[in-house]
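These notes are about the structure you will find just below.
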Amino acid sequence: HAVSRASPNLAFVPACLPPDPVEVEELQRFVSNSKKLFVMTGAGISTESGIPDYRSEGVGLYARTDRRPIQHAEFVRSASARQRYWARNFVGWPQFSSHQPNRAHLVLRDWEKLGKLHWLVTQNVDALHAKAGSQRMTELHGCTHRVFCLGCGDQILRSELQEHFEALNPTWKAEAFGVAPDGDVFLTDEQVRNFQVPACRKCGGILKPDVTFFGDTVSREKVDFVHQRLAESDSMLVAGSSMQVYSGYRFALAAREKQLPIAILNIGPTRLDHFASLKLNSRCGELLPLIV
């Protein structure tokens, strides 16, 4: 096991002890007792794929830098904010889009195939659950692999947009300084200034990732849809999330109201610790594969 510890993929995973056999047994019982499991995942399930999260102690973006993610209002209002966002995103995209699912993503896909997992809701925008093959799934905050126009709603793939960027900026070069959770990188104002951003090919409108930025809200339809899936479920498992963001936390509150058993698998404290039936401090990719 020493080998994987040294792999760069664990650079953004907080330190924790290996799974305790008693805890493994408790989670096994929890999953076995469930016929229709509702699973919610957060950044902590993707850190083992090499994507840093925001809040983890010591290794999260907030701990390592004073950077904060872009706000929705700023993106919509300011052309220079969009230019800066897209320039960083353009540089970070080849690396960010190449991340692969880890064992935790694959286990959840397998649970779905076995009919054990009723619905998966992820707060992540990294497409790793989709890459793993999960289908009974809602991407609560959207996905960076899709882009849409704020004017007419036209959608394109982010990979396609990358080609437009390259065509518009044939001589533009920038070195990346470290990748952030949302796939962008750190660039200087000087580097950003000459970066050209394409408009919507249909209406000339503003292109935005199909992602809920901070300060924006998840659509009513999507929230209602997830509440319906939760209503059909008999237990809830939270994997890799501190549930600090209300858009995800509200579903845990709904589960508590329905008196569903709730298990949490997360390194470090969460907002649900005081009302969960089970709280495990382990790596998702280490503990989930032990559950049959």
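A Cβ is built for glycine as well, from the same backbone N, Cα and C atoms used for every other residue.
Curation plays no part in TrEMBL annotations; they are all automatic predictions.
Sequence annotations record features per position, and here TrEMBL assigns domain 'Deacetylase sirtuin-type' to 17-292. According to TrEMBL, the feature active site, proton acceptor maps to H141. Residues or ranges marked as Zn(2+) binding site in TrEMBL: C149, C152, C200, C203.
Taking the centroid of the Cβ atoms of C149, C152, C200, C203 as the Zn(2+) site, the other same-chain residues with Cβ within 8 Å of it are L150, G151, G153, D154, A199, R201, K202, G204, G205, L207. Within the same chain, the residues at least 6 positions away from C203 (Zn(2+) binding site) whose Cβ sits under 8 Å from its Cβ are C149, G151, C152, D154, listed in sequence order. Using a 10 Å radius centred on the Cβ of C152 (Zn(2+) binding site) and all shown protein chains, the other Cβ atoms total 11.
Per-residue pLDDT, averaged along the domain 'Deacetylase sirtuin-type' (17-292), amounts to 90 for this model.
Annotated pair C200 (Zn(2+) binding site) and the residue listed as 'active site, proton acceptor', C-alpha to C-alpha distance, rounded: 22 Å.
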